[in-house]
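Q: My questions will all concern the structure given below.
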Amino acid sequence: MSVVGKDSIQTIAQSIGISNLSDDVAAALAPDVEYRMREIMQEAIKCMRHSKRSVLTTDDVNSALSLRNVEPLYGFASGDPLRYRRALGHADLYYIEDREMDFKEIIDVPFPKAPLDTSVVAHWLAVEGVQPAIPENAPIEPTTVPSGAKKADGQAAARKEEESSVDVKPPVKHVLSRELQLYFEKITEHIVSGSNPGLVRDCLVSLSTDSGLHPLVPYFTQFIAEEVARSLDNFPLLFSLMRVVQSLLLNPHIHIEPYLHQLMPSVITCLVAKRIGGKAFENHWELRDFTASIVAFICKRFGHAYENLQQRVTRTLVHAFLDPKRAMTQHYGAVTGLSVLGLRVVQLLILPNIPPYLQLLAPELSIETQPNEMKRYEAWKVYGALQIAAGKWMYNNLKSQLPEFFSAPIKPSMKAGSKALTTFQESQASVNGISSPLATSPSRKRVAAPDVGNQLPKKKFAVDAAGAGVSSSLASTITESVEGESADLPGRAAEQEADGSKGRLLIRKNNPLSDAWKEDADLGGLFSSVEIVLGSNPVHDFGKVALHPRQSSMRLSGATLSDFREWGGSWGSVPFVFVLLTEIALDLDENHEKFNGPAELWIVAAHKVWER
Amino acid sequence: MEEDQIDKAVLAYLKKKGYRAAELAFQDEQSKVRTVSGNQSTTSSSPIDPTIANQIYFYSRSDNSPGRYKEGFSKLRSWVHSSLDQYKNELLRILYPVFVHSYLELVAKGHSQEARAFFQSFREDHEAIHMRDLQKLEGVLAPQHLEECELARTFRENKIDIKMCQYSFELLLQYLHNTDSMLMLGIVNAHINLQVVPGQPSQLFEEEEAVTLTGKAQDAMELINQKEIRWGVLEDSLEEKLEKELAAEAEKAEAEGKEADAEENKKRAAEGGKPGGTGKKVKKEKTGGGGNKGTKAETTAVAVITRVKPDLPLPVMSEELERQALDDLRNRARLGSSALPSVSFYTFINTHNSLNCVSISADGSLVVGGFSDSSLKVWDMTKIGEVAAPSENGTAGNGTPIKSPGENITPVTAVDNNKTSYTLFKGHAGPVYAASFSPDGEFMLSASGDHTVRLWSLKLNANICCYKGHNYPVWDVQYCPVGHYFASASHDRTARVWSMERMHPLRIMAGHLSDVDCVQWHVNCNYIATGSSDKTVRLWDVQTGECMRIFTGHRGMVLSLAMSPDGRYMASGDEDGAIMMWDLGSGRCVMPLMGHTGCVWTLAFSGEGSLLASGAADSTVRLWDVNASAKFSRSEDKAGAVKRLRLLKTLPTKSTPVYSLRFSRRNLLLAAGAFSPPSSS
């Protein structure tokens, strides 16, 4: 009848060593045991209440026991849930699992993380009775407006409302508090005037950190769209606006997704607008680069939620890129935008289009065909952007194929300075040898490669006509060899030999790479085409560069700017080399702070040559 | 009357009593008689007195079968349920006490199995209202438990008062007599104090008044509740000083502007009854300052309130503090049903379920947390404010600080994280259950499970005194509104009043039937109120130590109390989430406030008494309109309908039960609680 049965009493008695407890005694004890248990639990509940908790803990039971002058139960204070095990052979007999612990085991265990110390934070739960929508407050459940919403669809609802005579408030039209209005006004004022850079920066910090700005997001998107449309000739303002976009995107408390469709046009405009800024000297390239990074950020962050987001962005950009009627500035924006969207985009959309595009670009680049210096400059810019895109992609491929050359081994080798050569040579070799996983579209390459072979030798930037010829023929061999994988190694060797004495060194170093090479042999086509497009020479000059630092203990002492130029040999190839160098240098920078100096130097050098 | 039955009854009686010889003799004689009677069929047996036979018969039935209780009770129950609707509500009230006493008698007679069966079969009827009592009584199964279980003992030692009208009373008696339910009649006689009220049965079905034992007879209780209480605010209180000051200012202003509008003033003076009021009105015209508008309207309301002299010698407030307080009062935001307060919430994070209590100082600058590891931690919010103000928004509700992107913020928070931002007070040897700041913010008191109250100096950051006197954990402690004195409440069923300079209590308030869970000073310092696990709230005179009022109506332990600033009303919250507003003068409940779904941990009246804020375990702060409730109560007598007090606003927190609420002198509501993520279980 009672909760504690006779059997339980007997079991407990057995467990403490009384084996012959008579039934009568057990029956008499059972109700008393139950009563005591209830009593203790009631006291424990009292303790729980006074500890202002709603979950009973073992501590409460112990407090209750001590209230009754009973020794507390030890061993249950850990707070871990108790694990009950079923006793073998009994359907309803359980016991608490109590493992034997080895002291050594416990001592050897590393210290657990110290629990965070208690602290107090303050926030506004309500301001004059209204709860601000900040993350510290519970989300406000949408107030149900039963008939208010129906109002629109006719008289019936209205009549119903009257009948029920319940005063239902009409749906509230997004009320902005006075404070938020003021905030919005102030921010927009500072952004537009831009007179005080410090204030603008504060505004941006506030936008990127403050919680509770969410109600303002639609107003900000509207503001940005209007301002961008109106003041395309105002470069500083556009830059500020893009910074606002960035701040809004960075703010962790804002749920910006619903407004992305309003923001994107403005952002894309800043990326691929024909003319930005009223004056020529304003560096609108910088704005385009910055905007491109925003586009990349948006695609990265919201791409998974909106599957067609990146698709649409790339389509827009590709259209801008491939339309020959567009201005060079637009092309530049499109290329930059595409290149930041990721290597895959570069691989699929830029690289295949480089050869045909270069046909278009070539006349713009040379001084004979394009007398307007401004236009020529723009064309070079575009050309540089293309090279950056290709270089990045290539570097990354190198990195993914041969990670060991770029991470761990680089440190000791750099320190010692002795192994630098091999590292660089190997990376060099991989530059030469590794190609992209672009086997998916060999046909496209096949189209591209002959084109290049035909066109490039005539171009100024493909100086080494012979090398190009070899490479192009190689390209065709490799593309042919897609079917037969084994054909690639000889081809590779042929290339190396054709490249001359410098290449010989590489062949020897090539062995460890052969595996990787083999796998990617079928993809060789694209690489070689890219190499051709951008000039085959630089790669070998690069080898020189790599050799040189070895002699000077990895200092750039010898590698002066003029050297670079010399090595670069040709206009077009230098930036390409430097993109690679820069990437590698940055990598060093990340891995090893000691190389800060050289890394910076390299970057500076890269820029210098670039600017030329 | 069948002779056989009587014989059987007698036989059973003898058997039970163990009169073996007599039993044998009886049987022997019986058989002899039988044979004789068989022979002489015509002879009639000796005539038996019917009453004696009846008694023998009754004895046998009542004594032998514990099932009689069940039978009797179920009959009574079905009779009550089928009675006329008009009287049903009144009759229903007797069922619970009869049920409890039937059960207890069964236990007392040792029929534990039957008692349990009886309990189980009728338990459901009473679960809705008396759940907690039932849980306590359920375990009582042996006669010795009756002595130990405090609830069972109070039930058996006290009579329960039930009011009913003449006709219901007669119906009941008639039923009990007609059906020979001697058992039930016995219980009603022994344990229920039926009060016959003239007139019609009360129509309104008042929530089935909770049957609450007070340990006092109804008459005595009424007597207690009729004692005179001077619930007015203190003479010379800050409010009064402010009023005087304003009046003086006003007079000055009046004198200045006399020439200009002397006529008008005179007219006003004629209209306004009191000279003070006139002055103020004029003043309002003159200054029209933002802060003064509020105070002016308040002071007119306060003017009605009676003023009382303190019974205790009270400490004098330092002038500086007084000026500060007056300044605060002058700038007090005016609150009402249309002007809700701003609420600043102090969230304790990473408490690991060890935070027991929170207290906030009068100016809101200091916050203390009492922890189950016996420690007290005091945060100075003015300092935290400096450091944390920029990062305030950078901390997410889930308790983990987010690294703010702004570079100028991060180092500050990093520094903040490295060193502790609080002052640690250690000294107790048990969980700290309550803490209270002195009004001047110099001292702090803490009550602990180690049976002591400790006094801490916040200037020295040290323990100054340890007050020993309670024999069990001290659940609550509170400073007197003017300081110096304090009151404590304990598991030992007493509340004690102390002064800071003495080691021993000045007064011991004994009378509660269970733990005293919370204590609250009256604004005029002459009374303290205590809430208890016996479901009552009592008001005690500090000077005499007498019980002045007993408020019954709660259905669970009383966890929180608050006094309105005018000293007239008191609010109390219980573990079921109910809040009751009491009129101290009449001792009656003005208004039950329903809405909370968890224990009401804390209550606070706004500075001028127009709002009541409540914080509960259901992670909400609720704001109630006090003025509306007071009005309702007046109209209620006429309308005869219970109207709920207006709930103005529910402010949900992010899974943070509200431990403490306090209105600052400028009417900013300060709240505190420990963030407890729901996944903890």
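If you go along the chain as it appears here, the first residue is 1 and each next one adds 1.
Heads up, the Cβ atoms here are built off N, Cα and C, so glycines get one too.
Predicted automatically and left uncurated, TrEMBL annotations should be read as such.
So TrEMBL has the following annotated:
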- B:246-271: compositional bias 'Basic and acidic residues' (COMPBIAS)
- B:64-192: domain 'TFIID subunit TAF5 NTD2' (DOMAIN)
- B:246-295: region 'Disordered' (REGION)
- B:389-409: region 'Disordered' (REGION)
- B:348-389: repeat 'WD' (REPEAT)
- B:425-459: repeat 'WD' (REPEAT)
- B:467-508: repeat 'WD' (REPEAT)
- B:509-550: repeat 'WD' (REPEAT)
- B:551-592: repeat 'WD' (REPEAT)
- B:593-634: repeat 'WD' (REPEAT)
Q: Can you tell me which recorded stretch out of B:348-389, B:509-550, B:551-592, B:593-634 has the most Cβ pairs within less than 8 Å of the repeat 'WD' (B:425-459)?
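A: Result: B:348-389.
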Q: Any idea what the model's mean pLDDT is for the repeat 'WD' (B:348-389)?
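A: A mean pLDDT of 83 is what the predicted model shows over the repeat 'WD' (B:348-389).
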Q: Could you give me three numbers for the domain 'TFIID subunit TAF5 NTD2' (B:64-192), the DSSP helix, strand and coil residue counts?
A: 104 helix, 7 strand, 18 coil
Q: By DSSP, what is the split of the repeat 'WD' (B:509-550) into helix, strand and coil residues?
A: 0 helix, 24 strand, 18 coil
Q: How does the repeat 'WD' (B:425-459) divide up by DSSP, counting helix, then strand, then coil residues?
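A: Per-class counts: 0 helix, 20 strand, 15 coil.
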